[in-house]
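Feature list (source: TrEMBL):
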type	residues	note
DOMAIN	46-177	domain 'Peptidase S54 rhomboid'
TRANSMEM	12-37	transmembrane segment
TRANSMEM	57-76	transmembrane segment
TRANSMEM	83-103	transmembrane segment
TRANSMEM	109-126	transmembrane segment
TRANSMEM	133-152	transmembrane segment
TRANSMEM	158-176	transmembrane segment
Amino acid sequence: MDALKGFKTIAGLALFMVALQLLNVATGYSLMAFGLIPRTLHGLAGILTSPFLHASFAHLSANLIAFLVLGTLVIIEGLNRFVTVSAIIILLGGSLVWLFGFAGIHVGASGWVFGLWVYLLSRAWFHRSWSNLITAGVVAALYGGLILGFLPRQGVSFEGHLFGAFAGFIAAKVLLSKPRSRFNAG
């Protein structure tokens, strides 16, 4: 996949989030009902829908730039890799928020962003190459402040951040680690 096509895919997802936010505002934030609500049957659908919904334009814009950058860095590996990594982050991270998150409506792409961030950092560990190490260094320098997102704050789903990051690590572990031999050479 060429880089332009990959970026168009990421940009398309970002535009979809913007369109949903416009619809959300136009309908008096009625789409918030589709957010992730922990431990409720209704809230299960939010595992899939919550990454695309945002509580405000400020919330959306806080996620979009990081999503565009980190998503593009992952999609360079190919569309299938991006889809697989994203599916693991959204499904595993969202399921963990549903199981263990605090009561309330959880929305936003930040869990996805944290997952992409940790996937890129972990990729350098599991699949060592100069390009992965340089990418991880740049990602760590640009987005190292994300680590503060693991601290609980009023109105912020730190559980989404934490479980999204965990899911990003699992995605890297599952997709990139080499199987170990059961036998030692010697």
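The backbone N, Cα and C atoms fix where each Cβ goes, glycine too.
Curation plays no part in TrEMBL annotations; they are all automatic predictions.
With helix defined as DSSP H, G or I and strand as E or B, the domain 'Peptidase S54 rhomboid' (46-177) counts 105 helix, 3 strand, 24 coil. Confidence for the domain 'Peptidase S54 rhomboid' (46-177), expressed as mean pLDDT, is 94.
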